[in-house]
Amino acid sequence: MHTSCEKASLEVCRQAAEYLKKGEIAAIPTETVYGLAADATNGQAVKKIFEAKGRPQDNPLISHISSMEMLPMVWRKVTPQAKALAEAFWPGPLTIILPRSELLADEVCAGLPTAAVRWPSHPVAQQVIALAGVPLAAPSANTSGSPSPTTAESVMQDMAGKIPMVVDGGTCEVGVESTVVSLAGQTPLLLRPGGVTKEELERVLGCEVKLSDAVLHQLQEGEKPASPGMKYRHYAPNARVLIVQGSSAQYCEYVKAHAEEGDCALCFEEDVKALSGIACIPYGKEGDGVSQAHGLFAALRALDEKHVKTAYARCPQQSGISLAVYNRLLRAAAFQVVQV
Ligand code: AMP
Ligand code: MG
């Protein structure tokens, strides 16, 4: 299949919406990462997403809307908590889970009684959804398991030949996937950290948001995660990634003592100077979660472009947006962390 990659314009958004209405799939930019979209009410179309990504069938998808009027197509009803979060953070990088509507294709929910929904802020995503006139199921537009794409070029690397079209909307602003919060249980549960922080959610809800165990810990054999996606190897480059936890000085010393030919430092910009003689791929600034989130996936992809053997990753903080960065890095590193 020939894949066209077109700079976003009204005409190109129309073309993408036409594909989607016909039951085809297309990659579109969002403010988090690029998404591989299909009509969320069309099961046959949604199946094509799973095929193109090689995504396990039991991993449900997020449905993307472009107005509150679309909510009855995805949820049975909107609760007061969901309304409060939607008013505070939509459009934006927050996904909310509630009991599903029967109008959604079963494939989107992967057998669960709930549906994950988000209203993205990216104008191109909004335009394509509005023109298609239906919620769009859209997981990240990468091969299952590899780092999520934050540019149209990265989408093309993974998806050329597998999908008809990529809409190029430039580099994604946030750079990591949306925060996922479930409101389907007794208390709000944070299933995946992202651009909207736990602290921000708690401020709006006026109650504690529980952090799902799987955010920071590896699931045990046979353990059932609240979010099916969390059990899979994720965001992983071919390189071996090792997280090194410590101050800048401790980190640099460790890397200098251990790095061999073909290895590199996946560090902060401030560390580069102290690491002279070592190949460096910086992924953001120290203490600045926004810049780290923005740079992480491109840095992980760069490891493979440079055929890096082992990458020693500087450990981000575990609060605010850095918690989202740490969560992705842990999975890229298969939970390998050394304390120095
Ligand atoms: P992605 O589409 O690749 O950004 O991944 C979506 C994430 O949301 C995955 O980790 C899914 O397992 C999770 N997810 C989607 N729908 C639900 C749901 N109904 N209940 C729990 N987790 C969900
Ligand atoms: Mg993904």
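Going from the start of the chain as shown, residues are counted 1 onward.
Yeah, the Cβs are placed from backbone N, Cα and C, and that goes for glycine too.
Residues within less than 8 Å, Cβ to Cβ, of Thr32 (L-threonine binding site) and separated from it by at least 6 positions along the same chain comprise Pro93, Pro120, Cys172, Val174, Gly175, Val176, Glu177, Ser178, Gly194, Gly195. In the three-state DSSP classification, Thr32 (L-threonine binding site) falls within coil. Annotated L-threonine binding site per TrEMBL: Thr32, His64, Ala138, Ser178, in sequence order.
For the recorded site, Asn59 (ATP binding site), the DSSP three-state label reads coil. Marked as ATP binding site by TrEMBL: Arg55, Asn59, Thr114, Arg118, Ser140, Ser148, Arg192, Tyr235.
Annotation comment: TrEMBL describes 10-196 as domain 'YrdC-like'. Restricting the average to the domain 'YrdC-like' (10-196) gives a pLDDT of 97.
Tyr235 (ATP binding site) and His64 (L-threonine binding site) have their C-alpha atoms 22 Å apart, to the nearest angstrom.
Compute the center of the Cβ atoms of Thr32, His64, Ala138, Ser178, which mark the site for L-threonine; besides them, the chain residues with Cβ within 8 Å of that center are Thr30, Val33, Gly35, Ile62, Pro93, Thr95, Arg118, Pro120, Ala125, Glu177. Only Ser140 of the binding-site residues listed as Arg118, Ala138, Ser140, Ser178, Arg192 bring a Cβ under 6 Å of any atom of ligand 2; the order follows the sequence. A C-beta separation below 8 Å, combined with a sequence spacing of at least six in one chain, links Ser148 (ATP binding site) to Val33, Tyr34, Ser140, Ala141, Asn142, Val176, Glu177, Tyr235, Phe297. The binding-site residues in question are Arg55, His64, and the one with the fewest Cβ neighbours inside 10 Å is Arg55. In the vicinity of ligand 1, defined as a Cβ distance under 6 Å, the following of the binding-site residues His64, Arg118, Ala138, Ser140 are placed: Ser140.
The two recorded residues, Arg118 (ATP binding site) and His64 (L-threonine binding site), have Cα atoms 5 Å apart.
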